[in-house]
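Now, the feature entries from TrEMBL:
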- 6-285: domain 'UvrD-like helicase ATP-binding' (DOMAIN)
- Ala27, Gly28, Ala29, Gly30, Ser31, Gly32, Lys33, Thr34: ATP binding site (BINDING)
- 286-557: domain 'UvrD-like helicase C-terminal' (DOMAIN)
- 680-698: compositional bias 'Low complexity' (COMPBIAS)
- 680-709: region 'Disordered' (REGION)
Amino acid sequence: MNDLLSSLNSEQIKPVTDTQGPVLVLAGAGSGKTRVLTSRIAYILQNGLSSPQGILAITFTNKAAGEMRERLSAMLGDYSSGMWICTIHSMCVRILRQFPAEAGIKSNFSIYSETERANIIKKSFKELDFDDEKLLKDAKYHIANAKMLGLDPDTYGTRFKDIPHMDDIVCIYDKYDKHLAENNALDFDDLLLRTLRLLRGNAEAREYLSDRFKYILVDEFQDTNAVQYNIIKLLASKHKNLFAVGDDDQSIYGWRGAEIENILRFDKDFPDAKVYKLERNYRSTKNILNLANAIIKNNGARHDKTLWTEAEEGEKPEYYQAEEEADEALFAARTISRLAGRDEKYSSFAVLMRINALTRSYEQEFTKYGIPYKVFGGFRFFERREIKDILAYLRLISNPFDNEALTRIINVPKRGIGGKTIEAMEGYSSQSGLSLYDACLDAEYLPLTSGAKSKISDFAQTIKGFVIDAQGVNVAQLVRDIISRTELRDAYDDGTDEGDSKLANLDEFIASVDDFVRLNPDATLDEYLNQVTLASDTDDMDDGNYVTLATIHSVKGLEFDNVIICGLEDGIMPSSRSEKDPKSLEEERRLMYVAITRARKRLYLTRSKSRYLYGHRDRTMPSRFIGELAEELGIDKTSSYGSPYGSSYGAGAFGGAYGRGNGYSPYSYGGNSYGARSSYGSRSYGGESSRGRGVYSSDEGYESDVPPAMPKRAEQTNFSAATTFGRAQSAGKSKNYAVGTKVKHPKFGMGTVIAVKNGGAVINVAFDGQGIKELSAALAPLEIL
C-alpha cells in the first residue's frame, strides 16, 4: 500500500484515498490523471472495498481503455480481470447484449458506422421520392442532432416545428429508424439512446447494474453529452461512488454534443461531492506552460486553476509569420530537418491544425525533403473497400437480418447477381416481411429466371455454411475460411498494383485478426465486430518513425516533444463560426490551449499573411489568440498591418473569415512582383520570426528544394526530387505529362496527374491513398501507364 501511494504527489493522494461518495477531479493537462485513476482502482481493490466485478471505468477511446488495462494488470496481476474498462459505447453494447429483450432488440444486432448510417439515410430519402440535396443534408444533420438530444422523430419534429421542411425531415428520420429495425442494427447514437431508455424504463435492469457497479470512474468527463451523463447518473444511483476526472479547459467537442456544463455544475448535481485539483504538470517546460496559462485565463466559464511544473524553463516558444501557406510549410520542413539532424526522431514532431484542409502544403514540402509523415483523420484501414467487404461477410454471419451487409457482398466476388435481381429480392422481402437473407433462402419463390434463382440459392447456402462454422471456430479461422471458399483472393489478384495493394491489405487484415484472437482467445464473433466498429482514428496510431499531421481534435490526449501549430489566423483559428458566439469562441480558445499543451520541449506557432482557401486567395489577419499571447511571445500586440490582433475580425480588412466578406483583393500573380509559387522564383524566403529577422531568408530564394545542411537520410531518399525544378526543366528530359495522365511511382503507387505547372517542369499527382504530391517532371521516377 505504501508503495502505491509513494509514487503519487500530495495533490494526487487525496482523490485516490477519498473513496466514499461523489468526487470530481479537475485534472490539468499533463497532471497524471491516468495514474490517479489506476491508483484509485488499485487502492479500492487492495483495501477490500470492492471486488473487480464491482468496478466500472469509462474512458474516451479504446486506446485509453487498453492502456488502463495494461497498467492495472502490471499493478495487480490476474486480480485486475473482471472489471469493465471500456468506452461508453462499448459499455452500452455489453449492457444491450445482456438485456436485449428488455431493450426491444435482438442480441446479435449489428452496429452501423457513420458511412453506413449516411447510406441508409440516403436510401430512405430516395424511397420517399425526395430529390432536394439540401434537404438530404439537413436530414442528416437533424437526425444526428435528434439522437444526440435523445428525441424520437415525432418529439423532435414537435420541438423544432418552425424549422423549414421539418415534416419531411421527420418522415426521413422515421423511415431511417424503420430500416435500422429491419436490419437488426443500431447506429452509434442508438447504443446510447437504447441504454438510457433501458435504464429509465426497466427497474430490474437498472437495479441489477447500479447494484453491481459499486465504484464508477469516468475519464474525460468534460466530453460527456446529455445522454451519456444521464446514463452515468443512473448507473451510480445506488452506491453514488462516482469518480469523475476531467478538465473543463480541455472541453473541445461541443460541436458533437459534449456539454461543458456537466463538469461545471457537478458539485450542484451532487451536493456532497468533493472537488480536487491537479495542477502540477509533468509534461511541458515552464515556458510552454506560461503560454498555456496565458491563453486560457481569458475564458470566463471555467474552474480556476493554473498549471505549474518543476521542470526547466526550456526554449521560448517561437512565432513565425510566413508570406503564404507554402512558405509556412517550408518553415516546418526546414525546422524538422534541422532538428532531425540533431538525432530528434521524426515521431517526436507533430504539425497541428484547426482544419485538415491545411495538410496539402505540408505533404508536398515533406515529400521534397524526404520527411516521412502520416495524416490522421484520412482514409482508415477498416474503411478500405476490400476490408469492408470481408467485414460485411462477418456482419451478415453474425446478424442475418443485416440487409446492408448482404447487398454489399452478394456479388463480391462477382456471382452474376445484379441490381435488378436485388430489386426483385427487396420487393419480395418487403411484401413478405422477411430479411433479404430469408429471401435468398426462399430463392425458388422469387420472380426471377431459374439461372438467377440458382445463383441466389448458392449464395444463401454459402452464408448458411459460414453461420454453422462460426459456432465451432475462432474468428481468425472463420476469416480464412471465408477468403478461401469465396475465392476473394483470386478476385483481387488481377496483376495490377491496385490488386496487389488489396491483397496486401487482406493479409494485413488476417494478421490483425490473429492478433485479436491471440489477445482474446475466448472472444466471440460479436465481440470482434464490436472492437472493430468502435475503433477510433487515434487507435490506429502506432510507434512508427513519422511526423504526425493532424487536426487538434484528433490528438487530444497525446503529446510530442516538438509541436508546430499552424494556420493561426482569424477565420481559421478561431473559426469563422465562433465570430458572434462568445460560447463558441471560448471553445476555440480551449482548442488552442489543448494544442499548446501537447508540446513537451519545443513549440512553434505559425501563420500565413495570405492563404488560398475555399477557392480564392486573401490577405489574412493574425489570430486574436496571438494577440492574447503577445507578451509571452515577446512581440508587439499589433498585427503586421498596423491593427490589433483580431481587431478586424468580422469587418474591415479581412472581412471576418475565409470565404466571407470581400477581404483584400487576391494577389496579382505573374511578373516579378510576386512570382508563381511553383517556379520557386527568385524572391527571398521573407518570413518573419519572433526571434528577429526571417531565420531562413536568402538572397537566392528557392534555389534548391533542400537546405544546405540537409541530413543524409533525406538526401538519399530516392523518391524526392533533390534538385531545383528549374534545372529539371532545362535538362530536357521531362516526359509529356497532361492532366489526367495515369502514372505509377515505386513508393506512392498508382496516381493521376491533376496539374502541370512551370512549363511542364512540375506536376501534381493524386496518388491512391497517399494524397497529392508535387514532383519534378524530369526527375521523379514515374512510369506513364
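Yeah, the Cβs are placed from backbone N, Cα and C, and that goes for glycine too.
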Gly28, Gly32: which of these binding-site residues has the highest Cβ count within 10 Å of its own Cβ? Gly28
What is the average pLDDT across the domain 'UvrD-like helicase C-terminal' (286-557)? 89
Extra residues within 8 Å (Cβ to Cβ centroid of Ala27, Gly28, Ala29, Gly30, Ser31, Gly32, Lys33, Thr34), ATP: Val36, Asp247, Leu278, Asn281, Tyr282
Within 10 Å of the Cβ of Ala27 (ATP binding site), how many other Cβ atoms can you find? Include all protein chains, please. 28
Would you mind listing, in sequence order, the residues at least six apart from Thr34 (ATP binding site) in the same chain with a Cβ closer than 8 Å to its Cβ? Ala64, Glu67, Met68, Arg71, Asp219
List every residue in the same chain as Lys33 (ATP binding site), at least 6 positions away in sequence, whose Cβ is under 8 Å from its Cβ. Val25, Ala27, Asp219, Val245, Leu278
CB neighbours of Gly30 (ATP binding site) within 10 A? 22
Counting every protein chain shown, other Cβ atoms within 10 Å of the Cβ of Ala29 (ATP binding site) number 25
Any same-chain residues 6+ apart from Ser31 (ATP binding site) with CB under 8 Å of its CB? Would you list them in sequence order, or say none? Glu11, Leu278, Glu279, Arg280, Asn281, Tyr282, Leu307
